[in-house]
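Feature annotations, reproduced from Swiss-Prot:
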{"type": "SIGNAL", "residues": "1-20", "note": "signal peptide"}
{"type": "REGION", "residues": "45-695", "note": "region 'Disordered'"}
{"type": "COMPBIAS", "residues": "59-70", "note": "compositional bias 'Basic and acidic residues'"}
{"type": "COMPBIAS", "residues": "271-283", "note": "compositional bias 'Acidic residues'"}
{"type": "COMPBIAS", "residues": "291-306", "note": "compositional bias 'Acidic residues'"}
{"type": "COMPBIAS", "residues": "313-324", "note": "compositional bias 'Acidic residues'"}
{"type": "COMPBIAS", "residues": "361-370", "note": "compositional bias 'Acidic residues'"}
{"type": "REPEAT", "residues": "363-375", "note": "repeat 'TSP type-3 10'"}
{"type": "REPEAT", "residues": "379-393", "note": "repeat 'TSP type-3 11'"}
{"type": "COMPBIAS", "residues": "381-392", "note": "compositional bias 'Acidic residues'"}
{"type": "COMPBIAS", "residues": "467-477", "note": "compositional bias 'Acidic residues'"}
{"type": "COMPBIAS", "residues": "491-500", "note": "compositional bias 'Acidic residues'"}
{"type": "REPEAT", "residues": "516-528", "note": "repeat 'TSP type-3 16'"}
{"type": "COMPBIAS", "residues": "537-546", "note": "compositional bias 'Acidic residues'"}
{"type": "REPEAT", "residues": "539-551", "note": "repeat 'TSP type-3 17'"}
{"type": "REPEAT", "residues": "555-569", "note": "repeat 'TSP type-3 18'"}
{"type": "COMPBIAS", "residues": "589-603", "note": "compositional bias 'Basic and acidic residues'"}
{"type": "REPEAT", "residues": "600-609", "note": "repeat 'TSP type-3 19'"}
{"type": "COMPBIAS", "residues": "665-679", "note": "compositional bias 'Basic and acidic residues'"}
Amino acid sequence: MSHLWCWLFLVLCLACLVLSIEAKDSDGDGLLDVDEINVYFTDPYNADSDQDGLTDGLEVNRHQTHPQDKDTDDDSIGDGVEVNNLGTNPKDPDSDDDGLTDGAEVNLYRTDPLDADSTTTGCPMGGGAEVRHRPQNGDTDDDGLTDGAEVNVHRTNPQDGDSDDDGLSDGAEVNTYHSNPKDGDSDDDGVSDGAEVNPKLKDSDGDGLTDEEEIKLYRTDPFCADSDFDGLLDGEEVKVHKTNPLDGDSDDDGLGDGAEVTHFNTNPLDADSDNDGLDDGEEINVHGTDPEDPDSDNDGLNDGDEVNVYNTDPEEDDSDEDGVCDGAEVNVHHTNPKDEDSDNDGIPDGAEINTHKTDPNDEDSDDDGIADGAEVTLTDSDGDGLPDEDEVALYNTNPANADSDYDGLTDGAEVKRYQSNPLDKDTDDDGLGDGVEVTVGTDPHDATVTTTGSRTAVEINVHGSDPNDEDTDDDGLTDGAEVNLHRTDPEDADTDDDGLTDGAEVNTYRTNPKLADSDGDGLSDGAEVNTHKSDPNDGDSDDDGVPDAAEAKVKDSDGDGLSDTDEVRFRTNPKLADTDFDGLTDGAEILKHKTDPRNRDTDGDGVADGLEVNTYGSDPKDADTDDDGLTDGAEINVHDTNPTDADSDDDGLSDGAEVMTYHTNAKDGDSDDDGKADGAEVSASTDPWRSDHSV
């Protein structure tokens, strides 16, 4: 009996010992030692078996990562860095599903691994491109590797951009040259890695800077000739223009450095090249003024003062059209350049200064108790029958000259009796002066002077046109219409020499055939119609706030439909019509198709944008144009189906269903040739791959 009790006691002790061992967590990582040994194969005496910054317990119980693999998702970022520093998913190599692994985004492209729309801040040419520092990426020494990558992956010094002092930054060694950032001579040949880089071509991108200068001095990309995409080579920026090769707009004036140097001839280091108080970009893009001329309209006020102080028009020398230029009003007469009658006496400032010699700032210049305007109204200085005030304010005639147009009729007679124009000696443009017509008894309003027969004396004696040809100059307007209606020259098909015939101007474009620039935008009507395809009746045809003439001055070097300035803004190549070589010009991509001119396959379906538009008719912005479950690229390159037809063989099954679900021939409506369409067989639960066979 005593033996039995001894045996039971021994069994009980052993059980307690086992329970004690099984309940033990030696390293305090949240996993029992027995589980670490038998289940997870981790070290029960090391809380972080894979040294990734997460305890084994956290990896198993919270994050479901591998406690023996410091980088569970193989994205080149340790699990601990992902959880503790970046906030990315340590089990998903591409946390934001943008097609780039988290490691590539953090260590190579320097984009946000949690934002699918984040963009790189340097040349997308590879890891050697030096980019601006992003604090969230934590790159203390700006060597192109995050501190976490340096410490946890490469074991380099996160505070030394060139840990092995070989002349190459740690980032360049890892991402571009694939050399050892901790070994100055990775191949042990006696020549440092920095000295070996491109030994026969010291300037890899041909930008005028050696690779060593780009890496060590300027932080530019030795494989990208124009690191900031401003249209100037990095070497040209550093050595010639002294601009920042990492900043496309060195002076922050709204114009790219390349545009300033190449097109506008402004100073890319001075935001206000003409020192007129307006930034160069503001002058070109907003006001249409000349960034190299401080006084674009030559009115005596600089452009900046006109815009910022006086609120006058920097392109109009007489903003209030009172006959006195803005500068004279401000600096000489001290009148208001935006008010044609500064003293409100009823006489425009110009008339007071130039005609009446009164004070434009004093409504009663002679202090006689009668306003200047009233005094002028009562006076007829030239005795032509029109008060001086009416001559100035209504008819714009000379109050000191009774016959302003020297046609033999007084201004008063023309206005009151004959209703002819006192400023036009030949009101009806028939070649006979108004005074002559009154003298001989003809009508100064009627250009037709009847003779015996059907011909007119005007045609025979004055205009020289052919009385037997109703359209002497073949411009599309009859001679009568030209003389009597439009006041154009019946012998000159293009009276205003603007490049459009008078008939085209009147009948087609509705422009003024006597005015070469109908909309006053600085471009002739012919140039607008024939060259620039702009509206000759609208000074800003595209309503973008920039006058047509200013836009016409902007160069389109590659003829892709985008101005070089716009290309700098869109970061395309202004000297290459198709920057991404996808078969569509940059202009067509931006203005028409809304695709990415720097990505030859905008929707990532495996088919270049140009082929989608020009060859297959598919949508370059939709990877699956016909929504059949197959990408356009798969349809074109693999299955030879129609990417714009969801059911290429019209059998009642979509191409995607045939390929991925039923494994039938998406190009053959009856895969088994049994006389029944694949779709009908699926509906009838028969096998579309076997003749009349039930599934």
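Positions of Cβ are set from backbone N, Cα and C atoms, glycine also.
It should be emphasised that the depicted structure is a prediction, and the values quoted were computed from it without experimental measurement.
Across the range of the repeat 'TSP type-3 11' (379-393), the DSSP-based residue counts are 6 helix, 0 strand, 9 coil.
With DSSP states grouped into helix (H, G, I), strand (E, B) and coil, the compositional bias 'Acidic residues' (271-283) comes out at 4 helix, 0 strand, 9 coil. In terms of C-beta pairs under 8 Å, the stretch of 59-70, 313-324, 589-603 lying closest in packing to the compositional bias 'Acidic residues' (291-306) is 313-324. Taking Cβ pairs closer than 8 Å, the compositional bias 'Basic and acidic residues' (589-603) reaches residues 561-562, 570-572, 579-582, 609-610, 613, 619-623, 632 in its own chain, all 6 or more past its ends. In the predicted structure, the repeat 'TSP type-3 10' (363-375) carries a mean pLDDT of 81.
Taking DSSP states H, G and I as helix and E and B as strand, the compositional bias 'Acidic residues' (291-306) has 4 helix, 0 strand, 12 coil. Within its own chain, the compositional bias 'Basic and acidic residues' (59-70) is flanked in space by residues 30-31, 40-42, 49-52, 78-80, 83, 90-91, 152, which lie at least six positions past its ends and keep a Cβ under 8 Å from the stretch. Remark: secondary structure over the compositional bias 'Acidic residues' (491-500) totals 0 helix, 0 strand, 10 coil, with classes taken from DSSP.
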